[in-house]
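Quick notes on the structure that follows.
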Number of protein chains: 2
Amino acid sequence: MDKKIALLGMGTVGSGVVNLLRENEDLIHSSSGVRFTITHILVSDMVKTRTADVSGIRVTDDITEIENADIDLAVEVMGGIDSTKDIINKFLKRGIPVVTANKDMLAVHIDELEETASENSAALYYEAAVAGGIPIIHTLQHSLNANRISKVMGILNGTTNYILSKMTFDGWDYNDALKDAQAIGYAEADPTADVEGIDAARKTLLLARLAFNKKFTLDQVNLNGITNVDIKDIKLAESAGLTLKLLGVAEDLEDKYNLSVEPIFVDTKHQLANVHYEKNAVFVNGNMIGEAMFYGPGAGSYETASAVVSDMINSAVITAKAKNIPEEKGEPATELPDSAYYLRFNGSLSEAESYLSSQDIQFEVISTKESALKTLKISADALQKIQNTLAPAAVYKINGAE
Amino acid sequence: MDKKIALLGMGTVGSGVVNLLRENEDLIHSSSGVRFTITHILVSDMVKTRTADVSGIRVTDDITEIENADIDLAVEVMGGIDSTKDIINKFLKRGIPVVTANKDMLAVHIDELEETASENSAALYYEAAVAGGIPIIHTLQHSLNANRISKVMGILNGTTNYILSKMTFDGWDYNDALKDAQAIGYAEADPTADVEGIDAARKTLLLARLAFNKKFTLDQVNLNGITNVDIKDIKLAESAGLTLKLLGVAEDLEDKYNLSVEPIFVDTKHQLANVHYEKNAVFVNGNMIGEAMFYGPGAGSYETASAVVSDMINSAVITAKAKNIPEEKGEPATELPDSAYYLRFNGSLSEAESYLSSQDIQFEVISTKESALKTLKISADALQKIQNTLAPAAVYKINGAE
């Protein structure tokens, strides 16, 4: 079976797709029976040097040339939000399936695109949009589909995980680790979307939508990035048997939903505590499977292309009946469950200790010198009171190895 | 869409399937549009007390009653090898898809069954046969399909992993840990298939077949169980930064294949070293994705039912073009790559040390008291010579965190 592909975008992932298809062409054909031919590539800059061989392919910077071309599948790896959504909508309206890796766009427009796809019996695939090469989207759609999922959480951003790993293993401070991440190409010149947790929030939204079959908007994700993480926090975590990780968390709290991205102190025995540097992992709690985790590369040219091309193959060999599209919005949880917390204070702990004792909140001092303690279990309300009263310099949730 | 199901077998997994379908019926219907009705259940003992509600279902011990019944799907969770294969063949010949969790049978008959399935445009699903609830079969079929896979290895048997974890964490010896595993129901009265690695070998074969698209037979799997593991080995592993795990390994060595089940010293930093007790995990190396790991429950009533029911849903909603069935047999590798090894001797090390020095083999002594050392890198030939010359009491491969 031959499939004609339009590839929109020729950056890191686009080049990976071209290279992968050339390198594994025979393998893919022999195992799936599909042969892909890229007929068109959309680029933004016609004169740029390519890192992939595009001989025999029509390369253009004019999208209209591709919009009406005779293709079987469009693969969007160019980025952009509203204008890219419009382009994808046009393909879907022609009944042409679309594979996209564009999490920024999907986090805003996925509901609209899936509706268009459904109305036109096309399909939208986006494995590469969450956790790079890890097949978590397909797994939630097709393998954990007998489960009521109560929680999905993960290390969804390789840049911040790299920074925290450098701080943990090499004792670097935040700024040095960030500069190192920028030097080796893991972090952008403007790292805001990564370090503030925005990138992880987009992925958390996409995971929550599939896990709970509800619609969510980005403003529902409570954001707390890693810019205020101090090397002290990491060292104290270690001394308490904990590892600091930036986690995207989506929880079903009795049909209301709590979505967040925040630094969390994870028990070192927890699977997620052993996911380091640029690696990603997604942890799922389902009512039948219990706990499961999916670990792998969060980014990279070939790694992400692995996910894009698996979508391409599946679009050709699987004729899945469309999954029901969520109609309801997921209501935000107003009451959050009790949790343990790590609190760091600049200065003496005695004021904090006597306040916590007066409130009957149990705690452990994990370092008097660094003025840090961990509360054993408090409510969200009590935490709010502590924040108002004592203004701790850092507050991180502790995730025991439940 | 309504689907009529015949359930063959009503043991741990069968009861899990009945209970899961009742508990998550609405969820499954709303997300996939499918409603399953179990119309027939085959049991071996008509008077046994059930742990699931079978009211309204035709329960019989007569397979012929089911073989010609009006059903859409057969789910086989009863065990048995040749006679069960014949039953499954009959369903497939009628064009009825079959879901099975039966690894013992598949390890012998999968090639024949897939041929029957293909000839009759039926399909055979077996997610639950390998690593319980972990969706590794579907992942290899549909998510890592753009990769040339060079290695699949995993902790594929929860019983032996439980025993090794008890020895590691509680310092128990092998026999006590085995008795404990039997007492809590993880190990059978006759534990041979688990502790000798036979169960893991069946799963290794099924993984290798999918990963490399070749046929294999069970006698190609080199077997070495855990019955000779000494608590000393585990303690020495720890002191060298290693953890002892029983791994099923399938490697592509330049189009020849090495399949084995053996205790391996795994670097504690490796993802697999952190998979404990009854948990399973499968680690995959692909030429595009690099390294990925899939972690979860290896057994259990609901956990395995999660995999069975995901197959049931997929059989209803995915019309996948059949994957090409391997025609070639995977040739066994004759030359194994160099590896590091752990060697334990009963008695003094000096003879071993001088022999290894005379052979120019580099080694480290990790305990003089317990007479153990680790070689840094030796060939399979050199290992054979060492075994013949020195007859070490234990020999385990060391898997660095490559």
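Cβ atoms here come from the backbone N, Cα and C positions, even for glycine.
Just so you know, TrEMBL annotations are computer predictions that nobody has curated.
Record features, source TrEMBL:
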type	residues	note
ACT_SITE	B:Lys203	active site, proton donor
BINDING	B:Leu8, B:Gly9, B:Met10, B:Gly11, B:Thr12, B:Val13, B:Gly14, B:Ser15	NADP(+) binding site
BINDING	B:Lys103	NADPH binding site
BINDING	B:Glu188	L-homoserine binding site
DOMAIN	B:9-127	domain 'Aspartate/homoserine dehydrogenase NAD-binding'
DOMAIN	B:135-313	domain 'Homoserine dehydrogenase catalytic'
Those binding-site residues of B:Gly11, B:Gly14, B:Lys103 having Cα within 10 angstroms of the residue listed as 'active site, proton donor': B:Lys103
Chain-internal residues, separated by at least six, CB under 8 A from B:Gly11 (NADP(+) binding site): B:Val77, B:Met78, B:Gly79
C-alpha spacing of the residue listed as 'NADPH binding site' relative to B:Val13 (NADP(+) binding site), in angstrom: 13
8 Å Cβ shell about B:Leu8, B:Gly9, B:Met10, B:Gly11, B:Thr12, B:Val13, B:Gly14, B:Ser15 centroid, NADP(+) site members excluded: B:Leu7, B:Gly16, B:Val17, B:Val77, B:Met78
Entry from the recorded positions list B:Lys103, B:Lys203 having the most other CB atoms no farther than 10 A: B:Lys203
Between the residue listed as 'L-homoserine binding site' and B:Met10 (NADP(+) binding site): CA-CA distance (Å): 18
Candidate binding-site residues B:Leu8, B:Gly9, B:Thr12, B:Ser15, B:Lys103, pick with smallest Cα gap to the residue listed as 'L-homoserine binding site': B:Thr12
Cβ-Cβ neighbours of B:Ser15 (NADP(+) binding site) (radius 10 Å): 21
Neighbourhood of B:Thr12 (NADP(+) binding site), C-beta criterion under 8 angstroms, separation at least six: B:Gly300, B:Ser301, B:Thr304
Three-state secondary structure, B:Met10 (NADP(+) binding site) (per DSSP): coil
Residue among binding-site residues B:Gly9, B:Gly14 with least C-beta crowding, 10 angstrom cut-off: B:Gly9
Protein Cβ atoms within 10 Å of B:Leu8 (NADP(+) binding site), excluding its own: 25
C-alpha spacing of B:Gly9 (NADP(+) binding site) relative to B:Lys103 (NADPH binding site), in angstrom: 15
Mean per-residue pLDDT computed across the domain 'Homoserine dehydrogenase catalytic' (B:135-313): 97
Fewest-neighbour residue among binding-site residues, criterion Cβ within 10 Å, set B:Met10, B:Val13: B:Met10
Other CB atoms within 10 A, centred on the residue listed as 'L-homoserine binding site': 14
